[in-house]
Each structure stands twice: as C-alpha cells, then as structure tokens.
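Visitor: Have a look at this one.
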Amino acid sequence: MTQLSVVILAAGKGTRMYSDLPKVLHTVAGKPMVQHVIDTAKQIDAKQIHLIYGHGGELLQQRLSSEPVNWVLQAEQLGTGHAMQQAAPFFADDENILMLYGDAPLITKETLERLIAAKPANGIALLTVELENPNGYGRIIRENGSVVAIVEQKDANAEQLKICEVNTGVMVASGASFKKWLANLNNNNAQGEYYITDVIAMANQDGYKVQAVQASEFMEVEGANNRLQLAALERFYQKTQAEKLLLAGVRLIDPARFDIRGSLTHGKDVEIDVNVIIEGEVKLGNRVRICAGCVLKNCEIGDDVEIKPYSVIEDAVVGKAAQIGPFSRLRPGANLAEETHVGNFVEIKNAQIGKGSKVNHLTYVGDAEVGSNCNIGAGVITCNYDGANKFKTIIGNNVFVGSDSQLVAPVTIADGATIGAGATVTKDVAENELVISRVPQRHIQGWQRPTKKK
C-alpha cells in the first residue's frame, strides 16, 4: 500500500477575523480549526504531517507543541502553490501527498478516504462540490467529462463564471508528480500569486488523468475567513452532533440549544435540557437527566443521576442516583458516591463524599474525605488553606455538622460525632462526641437601637 503524507496550509493571517490570533487557531467546538484538520489527518494514517506556517508562527507552534508535525515556514504568503513549494523538498517520489487547509476544519475521514481511493495510478484526484451560488470559488473546467483546468474567479470569463462545480482545494497526487508540477508554476495571473490549481492543467498536458470526487456536503469543505463563516461552521458542527445523539437515543429538549465541545458517551434514556454545554470527555450512565444551563467537562456521571439547573461539573465523578444542584459546582477531584445530595451554592473540590451523604446548602468542601450518611449543614467550610499550604479534613460515617461551622484542617472528625452550629473545630473529634464552641448567649435588658441623626 502506498504511504501517505499530508500537507496542511496554515500560514494565512486571517485579516477579516480582525484578531491578533492566527486564523487557524480560531475555534470550532472549542478546538482550533487546524487541530480538527490534524486530528483527521491522524485518522487516515498519514505517515507525516507537514504544517505550513507563517503569520503568528510562534504562537501556532506553542499551541500545537505536542503534535507530531513537520513545521515548514512560508515566510511570504504568495499563494497556495507557493505554500506547497515550501514543503516539496520533504516529499518522497513514491508516496501520495494529500493537500488540506487549516481553516477548513470539518472535512471527514470518510470523504478523504474516498478521495484517496479514487486517485488514478498516474494522475491526481481532486475534491469538488456543486454550489447554487459559486461566487468567489475556482470553477472546474471539463472537456468530455474530464477535468482539464481550474479557473479562479478573478481569471474566469463570462461562460466559465456560469459553472457551478467548484474547487475545494483538496487534492492528492504522488510526491514525484507534485514536485515536477510545483517546479513549473508561475504567477502570471490577476493576483500575481502561485496557484496550486495550475497543476491540473499541467497534469492534463502530461497526459495524466484528473479524477474529480464530489463532497457530499458543502459545509464539510467550507473554510472560515471571517467570524460570520466561523459561526456558520460552528452551527453546522453542532447540528450534526445533535442529530447523531438524537438518532442514538438521547433526548435533547431543543437540539438547537445544545453544544458539544468534545465527546459524549451515554447510556439509555438520557435527557438533556436546553443550553447544556459538554466539554472534553463526558460519560453519562443510563437515565441521567441534565437540566437547563449546566456545563459538564471531563466527568463521569452514573445511572439515575439528576443534575439540576446551572450546575458546573469538571473533572469529577458522580455515583448512581445522586442529586446535584441547582447552582452546584463540582471542581477537579470531586468524587461523589451513590445516592449523595449536593445542593445549591455548594462547591466541592478534591474531595470524596460517601454514600448517602448530603451537602445541601451554601457549603465549601475542599481537600476532604466525607464518610457515608453524613449531613453537612448550610454554610459549613472546610478551612483547607493557610495561605501557603493546603491540608486535609477527614469526616467519618454518620457525622452531623451543624450550620455555619468551620473545620480548620488538618482535622479528623470520627464516626457518629455531632458538631453544633457555629462551631470552629481546630482539634480532632472522637467517635460520638458533641462539639460546641460558641460564645455563651447574653441577654441585655432595656437595650435600644441607635437612631439616625436629624
């Protein structure tokens, strides 16, 4: 099987984005456009990925530092052909070279596999698409059904402008062919640039076959040159993802008001209300219900969990039949056992909450272990930070912590203990002890409230 290398063009400035950020780093579904393209290139088993960079190259390399790409500088942006010329020295004669664009993030593995499979043994395969309004795109010129040239909009005559089949810019040919054609490119055109599309005419002159493969969906090959186009890509992507989830059995109350910016795996009878955002890798069990306005990121949710409105869960695990929210925040390291309750305005960070325990109101639990069947009252704080270091709070089983208590870590509260409301606990508490640390109540007779001065 012939090996494949991929060239991704990513040197453009993106002037119409009106941004200091390189165009290809603008995001779709929370991920840079160029990252989508790199990920797709990996899926088709590219031997090597050549990334053509220019504007904002330092930032681009920083953001993609973990990616196994060959960085190829295009110091001057003189057209798509010029960009490919920079990568040509790295091409092996006997490999296939696939050309992609860093600002066209939604092209699929399946489409690229069709294109590669269609490449003639001696020739080039080109991805095209039919448009109702082809304005702005290079037109596909055919003779007797075969592609003989691509004419850019600014160079097209009146008859050619009527053609609706357009070039997507995606093509595949052998390394040897590309090197030969790229060496013969010129910039004799209205833009004064080196067009990669000129290789189509060269292939015909050499007697090579040019095979066109049509993309099934225009948005799959659409690029983003401005924020309006970027928003259109985002909406198309989200619509596609929502449709996949609906067909897989997930109930989305309103598919148009659901965003996924990562991956979602799910069980049966999952229900997701409006304005929910999924980020990173999220796993949902059976019969999970997520109410309006929640954000879930890199978390695992067990069966029969209900997440009430406007809760945020990040890098956390929630056990079966738990109830979360409304307005709860589970931060990284939160691990809730089954049948736990976490209520409104509760924040849990790097803490384990045991089976059946309840933390229902206005509470912070950080760097802690809470046993089973505990009740943590409203306004309780685990004081885990002394300004320099963090310390752990350990709470046993069947512990009752009264409202407005402060647990100053490091501290351990043993099984069955009761902490009276308003206590400040600084020492360990033994099993079944009652701790009260409040100031004795005083009654002042005849006291009068201050009055305002006239």
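Even glycines carry a Cβ here, placed using N, Cα and C.
In case it helps, Swiss-Prot gives these features for our protein:
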- 1-227: region 'Pyrophosphorylase' (REGION)
- 9-12, Lys23, Gln74, 79-80, 101-103, Gly138, Glu152, Asn167, Asn225, Arg331, Lys349, Tyr364, Asn375: UDP-N-acetyl-alpha-D-glucosamine binding site (BINDING)
- Asp103, Asn225: Mg(2+) binding site (BINDING)
- 228-248: region 'Linker' (REGION)
- 249-454: region 'N-acetyltransferase' (REGION)
- His361: active site, proton acceptor (ACT_SITE)
- Ala378, Asn384, Tyr385, Ser403, Ala421, Arg438: acetyl-CoA binding site (BINDING)
Visitor: Spatial neighbours of Gly12 (UDP-N-acetyl-alpha-D-glucosamine binding site) among the binding-site residues Asp103, Ala378, Asn384, Ser403, Arg438, defined as Cα within 10 A: which are they?
Guide: Asp103
Visitor: Please give me the binding-site residues out of Asp103, Ala378, Asn384, Tyr385, Ala421, Arg438 that lie within 10 Å of Leu9 (UDP-N-acetyl-alpha-D-glucosamine binding site), comparing Cα atoms only.
Guide: Asp103
Visitor: Summarise the model confidence on the region 'Pyrophosphorylase' (1-227) as a single mean pLDDT, whole number.
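Guide: Across the region 'Pyrophosphorylase' (1-227), the average pLDDT comes out at 95.
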Visitor: If you count Cβ atoms within 10 Å of each one, which of the binding-site residues Asn225, Asn375, Asn384, Ser403 comes out on top?
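Guide: Ranked by Cβ atoms within 10 Å, first place goes to Asn384.
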Visitor: Just how many other Cβ atoms lie inside 10 Å of the Cβ on Leu9 (UDP-N-acetyl-alpha-D-glucosamine binding site)?
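Guide: 29, counting other Cβ atoms within 10 Å of Leu9 (UDP-N-acetyl-alpha-D-glucosamine binding site).
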Visitor: Cβ distance under 8 Å to Arg331 (UDP-N-acetyl-alpha-D-glucosamine binding site), same chain, sequence separation 6 or more: which residues?
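Guide: For Arg331 (UDP-N-acetyl-alpha-D-glucosamine binding site), the qualifying residues are Glu314, Asp315, Ala316, Glu347, Ile348, Lys349, Asn350.
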Visitor: Here's one to test understanding: among the binding-site residues Gly79, Gly102, Asp103, Asn225, Asn375, whose C-alpha is closest in space to the C-alpha of Asn384 (acetyl-CoA binding site)?
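Guide: Out of the listed candidates, the nearest Cα belongs to Asn375.
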Visitor: If I take the alpha carbons of Arg438 (acetyl-CoA binding site) and Glu152 (UDP-N-acetyl-alpha-D-glucosamine binding site), what is the distance between them in whole Å?
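Guide: About 81 Å separate the Cα atoms of these two residues.
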Visitor: Determine, using Cα-Cα distances only, which of these binding-site residues is closest to Gly79 (UDP-N-acetyl-alpha-D-glucosamine binding site): Ala378, Tyr385, Ser403, Ala421.
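Guide: In terms of Cα distance, Gly79 (UDP-N-acetyl-alpha-D-glucosamine binding site) lies closest to Tyr385.
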Visitor: Between the recorded positions His361, Arg438, where is the Cβ count within 10 Å the lowest?
Guide: Arg438
Visitor: Count the Cβ atoms, other than its own, that fall within 10 Å of the Cβ of Tyr385 (acetyl-CoA binding site), considering every protein chain shown.
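Guide: Tyr385 (acetyl-CoA binding site): 12 neighbouring Cβ atoms within 10 Å.
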Visitor: Just to be sure I understand the packing, how many Cβ atoms besides its own are within 10 Å of the Cβ of Asp103 (Mg(2+) binding site)?
Guide: 26
Visitor: Filter the recorded positions Gly102, Asp103, Glu152, Asn225, His361 down to those whose C-alpha lies within 10 angstroms of the C-alpha of Ala378 (acetyl-CoA binding site); answer none if the list is empty.
Guide: His361
